[in-house]
Amino acid sequence: MRKHHKLLFQRLLPGRASKPYTSASHLATPAATAAISAPSCLSALDLVDAGELAPTPRLYQSLITACARSRSLAGARAVHAHLSRSRLAADAFLLNSLVHLYCRCGAVSDARGVFDGMPGRDVVSWTSLIAGYAQNDMPAEAVALLPGMLEAGSKPNGFTFASLLKAAGACGERGVGEQIHALALKCSWDENVYVGSALLDMYARCGQMDMAVAVFDRLDSRNAVSWNALIAGFARKGEGENTLMTFAGMQRNAFEATHFTYSSVFSALAGIGALEQGKWVHAHMIKSGEKLTAFVGNTMLDMYAKSGSIIDARKVFDRVDQKDLVTWNTMLTAYAQYGLGKEAVAHFEEMRKCGIQLNHITFLSVLTACSHGGLVKEGKHYFNMMKDYNVEPEIDHYVSFVDLLGRAGLLNEALVFVFKMPMKPTAAVWGALLGACRMHKNAKIGQFAADHVFELDPDDTGPPVLLYNIYASTGKWDDAARVRKMMKATGVKKEPACSWVEIENSVHMFVADDDTHPNAAEIYRMWEEINMRIRKAGYIPNTDYVLLHINEQERATKLQYHSEKIALAFALINMPAGATIRIMKNIRICGDCHSAFNYVSKVFKREIIVRDTNRFHHFSNGSCSCGDYW
C-alpha cells in the first residue's frame with residue numbers, strides 16, 4: 001500500500017516520475033500546484049490520512065486551487081470536510097479560499113455556510129461572497145451584504161465596488177447604484193479604471209446613458225471593458241447611431257474589438273435595420289480576424305434578417321461554426337418574419353432531424369411562420385407536437401394559434417379555441433382575434449373581441465382604432481362614428497403612419513401627404529409618373545383602404561400619397577438603377593400600397609423590401625414573398 005501511495009503522488013509532480021517521493025514540500029512549488037487535478041485531490045487527502053503527507057496550508061491551498069480550476073464541487077466538499085477536521089480549521093486565508101471555491105463551483109449556499117461559520121472576517125471574506133453572489137445571478141443578495149460589511153468595520157476595496165456595481169446593474173436599481181457610487185467616491189475608488197468601468201456599466205444597465213457617458217468621460221484611463229460597457233449600454237437602449245459612433249471611437253483609440261463588442265454593435269444595428277453600416281462592421285470583423293462563432297454569428301444573422309437581407313442572413317447561418325439552438329431559432333424567426341412559410345417548415349424539420357433540442361421559441365417561430373404563410377394544417381400539427389417535446393404552451397403560443405386561424409378566415413373556430421383555452425385569455429389573445437376580424441371585415445365577432453380587450457387593457461390604443469377600421473371598411477358609418485366619439489372622449493389617437501428609407505448613410509422620413517421634404521415637388525412628380533405607368537400595367541387603386549366617409553374620387557386621391565409611396569418615389573429618384581430599395585414603416589402596410597408595390601417591382605424592374613410592424617415584404621417581378629397573404 002505504501003508503494004502504491006508513493007507512485008500515485010509521483011504522478012502529481014511533473015518531471016519527477018523517475019524520482020522517489022521525499023517530502024510534502026514538492027506540492028508547494030508552482031509546477032506541482034498546476035499539476036494537481038481535482039480527482040487527484042482525494043488521493044492526496046488519502047496520503048495525509050495515511051501520515052505520508054503533511055497537512056500544511058500550502059497543501060490545502062493547492063488542493064483548493066485545483067478544485068477551483070476544474071469547478072469540482074465534489075472535490076471542494078471533500079477538501080472542506082478534511083480541512084474542518086484539521087488543526088487549520090480556523091485559518092482565515094484557507095476559509096476565504098473555500099468561499100471563493102464554492103462560489104466558482106456555483107454552490108453559493110455552501111459558500112455562505114463557510115462565511116457564516118468563520119470566527120473572523122476580513123475584506124477578502126466579504127468581497128469573495130459579494131462577488132460570488134454577483135457572478136451567480138443573485139444580485140440582490142450581493143447588495144444586501146454591504147450594510148453588514150460596513151457595520152463590521154471592513155472597508156470595501158476596488159474588487160468589492162466592482163462586484164457591488166455589477167449586482168446593482170443586474171438589479172436595475174438606479175437608487176442602489178447611486179448609493180454605491182457615493183460610497184465609492186467617499187472611499188476614493190471612483191477613478192479606478194475597473195471600478196469606473198463597472199460604474200458606467202451599472203448606469204448603462206439602468207438605462208441612464210447620460211450618467212454612463214459622464215463616468216466614461218471622467219476616467220483617467222480607459223480599457224476595453226469600459227469601451228465595451230458603453231457600447232453595450234447604447235445597444236440595449238436601441239441607440240444604433242450612438243453605438244456605431246462609440247465603436248468608431250474605440251477603433252480610433254486603438255482598442256481591439258472583441259466578440260462582445262461586435263455582438264453589441266450588430267444587435268444595435270438590427271434594431272434600426274441599418275444594412276450598410278452592418279456590412280461595414282461585418283467587413284471590419286473579417287479584417288480583424290475575429291472568428292464567426294455562434295455568439296457573434298447569432299447577432300449578425302439577426303442584423304441581416306432585420307435589415308431586409310434574408311440571403312445574407314442565410315449565408316451567415318451556413319458559415320457559423322458549431323451552431324447552437326439560438327442560431328437555429330434566429331434563422332427560423334427570420335423565415336417567419338419574411339412570410340417564407342415553406343422554408344420555415346423545412347428549416348424546422350431540419351432542426352428535428354439534426355437532433356436540436358426544440359424550445360418554446362422554436363415552436364413560437366414556426367407557428368408564426370405558418371400563420372403568416374397560411375399553412376393552417378401544418379400550424380395545427382406543430383401546436384399539437386409541443387407536448388411531444390415537453391414544451392408547455394405559453395400565452396404567446398395561444399396568441400399565435402388564434403392568429404393562424406384568424407388570418408385564414410376561420411373566425412368561428414378561433415373563437416371556440418379561445419373559449420377552450422386552459423388559461424384565461426389575455427388582451428393579446430383577443431387582440432389577435434380582433435386583428436383577424438379587421439382583415440375579414442367581421443364586425444360582429446370584432447365587436448365581441450374588442451369588448452374583451454377594452455375590459456382587460458383599457459389603456460391600449462390599438463383596439464379602438466381596429467374596431468373603427470372594421471366599421472368604416474364595411475360602410476357602417478354610424479357605428480364608426482360612435483367608436484370615433486369614444487376614442488375622442490378617452491383621448492385615444494391613431495398613431496400617425498410614417499415611412500423611412502436610408503440612402504448614403506442618411507435616413508429620410510415621410511408621412512402621408514408629406515410636403516416638408518426639400519425635394520417634395522420632385523418626389524410628387526415622380527409618383528405621378530409611377531402611378532401612370534403602373535396603371536397602364538393593370539394597377540387599380542383599392543379604395544376600401546380609405547377609411548373616411550367621402551366620395552370615390554376623393555378616396556382614390558387619398559390613396560396616392562401614403563407615406564410608403566412617397567418614400568418609394570424618393571428612393572427611385574436617388575438610388576442607382578437596379579439597386580434594392582428598402583423601406584421601413586411604423587404600422588402595417590396597407591393593401592393598396594402592397595398592390596402598387598407589386599406592380600412597381602415589375603414595371604421598374606426593382607426589388608423592393610418593406611419592413612412593417614408585422615413582417616417583411618419582398619417585392620420582385622410583380623409578386624411579394626408573402627404571396628399576398630399577410
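Every residue, even glycine, has its Cβ placed from backbone N, Cα and C.
The repeat 'PPR' feature in TrEMBL is assigned to 91-121 (among others). Taking Cβ pairs closer than 8 Å, the repeat 'PPR' (91-121) reaches residues 57, 60-61, 64-65, 67-68, 71-73, 76-77, 79-80, 83, 128-129, 131-133, 135-136, 138, 141, 152, 154 in its own chain, all 6 or more past its ends.
Feature annotation from TrEMBL assigns repeat 'PPR' to 122-156 (among others). On the 0 to 100 pLDDT scale, the repeat 'PPR' (122-156) averages 94 in this prediction.
Sorting each residue of the repeat 'PPR' (223-257) by its DSSP state yields 26 helix, 0 strand, 9 coil. Feature annotation from TrEMBL assigns repeat 'PPR' to 223-257 (among others).
Sequence annotations record features per position, and here TrEMBL assigns repeat 'PPR' to 324-358 (among others). According to DSSP, the secondary structure content of the repeat 'PPR' (324-358) in residues is 26 helix, 0 strand, 9 coil.
In the repeat 'PPR' (359-393), the DSSP tally of helix, strand and coil residues is 28 helix, 0 strand, 7 coil. Summarising the annotation, TrEMBL assigns repeat 'PPR' to 359-393 (among others).
The domain 'DYW' annotation in TrEMBL covers 538-630.
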